[in-house]
């Protein structure tokens, strides 16, 4: 019975695909640049040419006549040169008057250089209220981008990593990061090749600040408990991020980007991927060096304490010494890549959140995370059994009071996350209350249906009719997005469609490009109506819209207790945006235009990048002042810094204030 139904579904998909292709062709023919606007622009450009060609001719004849005439008869020759100054100025004024008369609706401040189709509504009609449709369409495209990335693009990348047998760290830093940052990448491509503006730069810079400040602040505010951060993942990612930002600032000094500068940024990303490949050995080397120095310092301090205190006090004083001794080892046991958050198994898709879970901030189960990460460990256990056994034996000797058992795969995710829940935080041994809470939560999770929740993450996209009224309303709201995607792209989470992962990969790219084009186009129309530039739209609205899926996923992960994963993923996605999302369009533009440089001049973008660097420093200082804890104070501080950045960036772009660091 299922065979004819499947054939009908295949036929429907083929018919739908042909219908979409035909509609796109008709749309292209209808909205192609016609001859009438070309003639109008030609006549408009001919009029000022005629004026300028006649007036200099009159000036020349008057001057030649004055020279041939007798100076004794006409002394008014000295009066004629006086009107020559306003005559030359009148040429510019007549041109401006002709331009203003030909374009009465456009503002002189905002000039459009993009290649967009003609809108159904004029500027005056949009200012009368029809711009609401563009705003709604832009918000709707945000949801569409999130669905196509989470439901199709990221699972296809997961299949590619399985086929290529790439490790989890490298896959997370490359493919999964590309899946999370695909909208920013295509926005940058559209900004360089279609809109001819800096909307892509503004979107990436704004998205970077949004990920660092707003996402971290939201995770700190909505986390169930105070999250303790470790310094190794944050130090590793922020070090690369600072170097990349400094390179970008240096390249922006001359307001152009050469092809070799784009290659340097791509090389920086390749260095980051290489570091993630050897993350385990690098972490162990840093761990050994720090443990040697800390052991020497702690031995000296222990001897000093024994000399000054009595035997009873010395017994009490050994506990903080041992606690200090545990601090570097436990802090260094959890360094992982930033891209585990972009894993298709860890990401809760927008469609699942809106249909199956109406409260996206609801608590997720700790047991689910352990099961998912244990599956990753099983794949990596065979290849990593011989690595890291000696350093971890030393760790067990140093952390003798710790009850955590470390598996030989030191870089595997389950050992990292189990230590996160069981190991002491900030050098303090785990309390009995924490252990009781963990055991109680595990027992509660064991009683639930964990298998069904694990299957939901890998469950293919379903078009079944929901039961409740609210879910049915959301289903109807998302149906115009979900049905075309379901009809044209195979879902690789379905075992029968897993072999078509290449079609899913390229089909997702086409849909992401189409949705990104609609987003940039409608953002341009909204900005033209309101009177703001595309750079400001990218810094504010587009940056927040493209980062909302990562925001929701980061908050869910933070509420699970994975503060390191939430913070490190935010920084890791920014590294991909700056070192891939920006230089790839620039390099392609240089290649297609004879290796000519790309102009990136803007009123406030350079200063916005400098502000991004300063905000990153403020984040590091704030986390250090909060003693590496994600508490409410840190969340409020991050929100305040984000709104300060937005206000200063908009004022710089509108030239309300001048950039003090511009050259």
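Cβ from N, Cα, C; glycine included.
Membrane topology as recorded by Swiss-Prot puts residue 198 and residue 257 together on one face.
Among the residue ranges 104-128, 229-253, 279-303, the one that Swiss-Prot annotates as transmembrane segment is 229-253. Note on Swiss-Prot: of 153-173, 174-194, 321-341, the range annotated with the feature transmembrane segment is 174-194. Broken down with DSSP, the topological domain 'Cytoplasmic' (521-535) shows 12 helix, 0 strand, 3 coil. Confidence in the topological domain 'Cytoplasmic' (150-173), given as mean pLDDT, stands at 82. Taken through DSSP, the topological domain 'Extracellular' (557-574) splits into 15 helix, 0 strand, 3 coil. Counting only same-chain residues 6+ beyond the ends of the topological domain 'Extracellular' (254-259), those with a CB under 8 A from a CB of the stretch are 583, 586-587, 590-591, 595, 597-601, 606.
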